[in-house]
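Colleague: Positions annotated as transmembrane segment by TrEMBL: 31-51, 58-80, 86-105, 112-128, 148-164, 176-198, 204-227, 239-257, 269-287.
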Amino acid sequence: MTALLLPLIASIIQPLGFLLIKKGTDKPLQALYAALITNIFFGLFSFPFLVITPKSGWFLPSLAALLSDLGQLLLFLSVIGSDVSVITPVMGTKVLFIALLDWFFASHKFDPKLALSIFFSILGFFLLNKPTSKKILLNSVENNKGLFFAVGCSLLFACSDLIIQKASHEPFLPFLLRLYVLCAVFSLPFLSFFSLFWKQPSFFPIPLISGSLIQGFQGLIVALGILFSANAAQTNILYNLRGIWSVLIVWTLGFLFKTEDSVQQKGVFFNRVVAALSFLISAVFALL
């Protein structure tokens, strides 16, 4: 039951974190700084507990941390550069990547269900990119950039999830502590790099920091779900509900607070709901 509840909780939390990040800033470097500071926060919190946990290997946590950090960079770029209700469904491709990587590296026979999974993913992309107004057509190039970042981070997170799955036979606490400490260590070089381009790295709006911390906590919840279930694909199937939640949350807030989303055509809302369902169906076929 725990393995089922954890990804469901994370699927609701993530869109809320994304909305706070977008509210906090429209500057990619500022958002990336928040992501890196979040990594350092979790790393410093985890470090003291390493002393009282059993010894375990560092190789798998190192690989997972490196892939996670790179995926996080693309994730924040996609959140800043595109609509939350667009990129969140696209991240449902992570399950497809998990299935394809498992098929490729484990030398399993190609399952025709993967072809159906790919078809529904392509359908989802088409629905998200289908222009329904002149304004959306003019913004399509910028939105596509966010989609590419979202696909890239999905691939990196898929690789990281498979490594976490591989470590599921080990005690989960030592693995997670090492993972977060290494995420912080791998983030340190980026802090000095970004300071060359931004002169005031110490200032962060509260929504930005809050959204970044929420993103970190939901990532922890997903990792725990994989470790408990020992099945990255199954965990991410449930996690894919975030695509539907993101569309509903964004549009509900739009109508309540009369934001830009409330005046968009109903066709846009319909396309995004169907796209989210397409990615969810794609994930189910990838698991069957």
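Numbering starts at 1 and runs along the chain as displayed.
The backbone N, Cα and C atoms fix where each Cβ goes, and this holds for glycine too.
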Colleague: For the transmembrane segment (58-80), I need the partner stretch with the highest count of C-beta pairs below 8 angstroms, choosing only from 31-51, 86-105, 112-128, 204-227, 269-287.
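Modeller: Most Cβ pairs under 8 Å with the transmembrane segment (58-80) come from 31-51.
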Colleague: Sequence gap of 6 or more, Cβ distance under 8 Å, 3 or more pairs: do the transmembrane segment (148-164) and the transmembrane segment (112-128) meet that?
Modeller: no
Colleague: Among 31-51, 86-105, 204-227, 269-287, which stretch has the highest count of C-beta pairs below 8 Å with the transmembrane segment (112-128)?
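Modeller: That would be 269-287.
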Colleague: Do any residues of this chain, six or more beyond the ends of the transmembrane segment (31-51), have a C-beta under 8 angstroms from a C-beta of it, and if so which?
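Modeller: Contacts of the transmembrane segment (31-51) (Cβ under 8 Å, skipping residues fewer than 6 from its ends): 21, 24-25, 69, 72-73, 75-77, 79-80, 173-174, 176-178, 180-188, 190-191, 194, 198, 201, 204, 208-209, 211-213, 215-216, 220.
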